[in-house]
Amino acid sequence: MRTLWIVAVLLLGVEGNLWQFEMLIMKIAKTSGFLFYSSYGCYCGWGGHGRPQDATDRCCFVHDCCYGKVTGCNPKTDSYTYSEENGDVVCGGDDPCKKQICECDRVAATCFRDNKDTYDNKYWFYPAKNCQEESEPC
């Protein structure tokens, strides 16, 4: 059900940030965020609680924490600008809030790329009942 909700949001807000996040994941990690990270572990996908299950899930935990620190705009819907310089994604634009959203997404996409070897199919569609431990602080 959570995946259907994400699909609906992505389709409705194609110009918004969730679509851009998907594009950054594809560009940096060379994989689909929607297919591999939209419902993984305790933190990848909508919401998040408990303890991250592995390094991949921790990427999502850190991303959630990063979004939680953004003030003045909506990380899940606001669009941002970025460019590529020498193969690296560089967040830009005049709005510091939107630039911060871009940085959250860039860091998460890089984390996914750097931790591909920790991805474990047993955490794909991981039951929320297994994420009941107390969450660690950001």
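Glycine is no exception: its Cβ is also placed from the backbone N, Cα and C atoms.
Pulled from Swiss-Prot, these are the features on record:
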SIGNAL    1-16  signal peptide
DISULFID  Cys42-Cys131  disulfide bond
BINDING   Tyr43, Gly45, Gly47, Asp64  Ca(2+) binding site
DISULFID  Cys44-Cys60  disulfide bond
DISULFID  Cys59-Cys111  disulfide bond
ACT_SITE  His63  active site
DISULFID  Cys65-Cys138  disulfide bond
DISULFID  Cys66-Cys104  disulfide bond
DISULFID  Cys73-Cys97  disulfide bond
DISULFID  Cys91-Cys102  disulfide bond
ACT_SITE  Asp105  active site
In whole Å, how far does the CA atom of Cys66 (disulfide bond) lie from that of Asp105 (active site)?
9
Near Cys44 (disulfide bond), which residues of its chain come within a Cβ-Cβ distance under 8 Å, counting only those 6 or more away in sequence?
Tyr37, Ser38, Thr56, Asp57, Cys59, Cys60
Based on Cα coordinates, which of the following recorded positions are within 10 Å of Cys138 (disulfide bond): Gly47, Asp64, Cys131?
Asp64
Between the disulfide-bonded residues Cys42, Cys73, Cys91, Cys131, Cys138, whose Cβ has more other Cβ atoms within 10 Å than any of the rest?
Cys42
Let me spell it out: for each of the binding-site residues (Gly45, Gly47), count the other Cβ atoms within 10 Å of that residue's Cβ, using every protein chain shown. Which one has the most?
Gly45
Through the lens of DSSP with three states only, how would you label Cys66 (disulfide bond)?
helix
Of the recorded positions listed here (Cys65, Cys73, Cys102, Asp105), which is spatially closest to Tyr43 (Ca(2+) binding site) when Cα positions are compared?
Cys65
Sorry to bug you, but what's the C-alpha spacing from Gly45 (Ca(2+) binding site) to Cys65 (disulfide bond), rounded to the closest Å?
13
How long is the line from the C-alpha of Asp105 (active site) to the C-alpha of Cys111 (disulfide bond), rounded to the nearest angstrom?
10
Nearest to Gly45 (Ca(2+) binding site) by Cα distance: which of the disulfide-bonded residues Cys73, Cys97, Cys104 is it?
Cys104
At the level of the C-alpha atoms, what whole-angstrom distance separates Cys97 (disulfide bond) and Cys131 (disulfide bond)?
31
Cα-Cα, whole number of Å: Cys42 (disulfide bond) versus Cys73 (disulfide bond)?
25
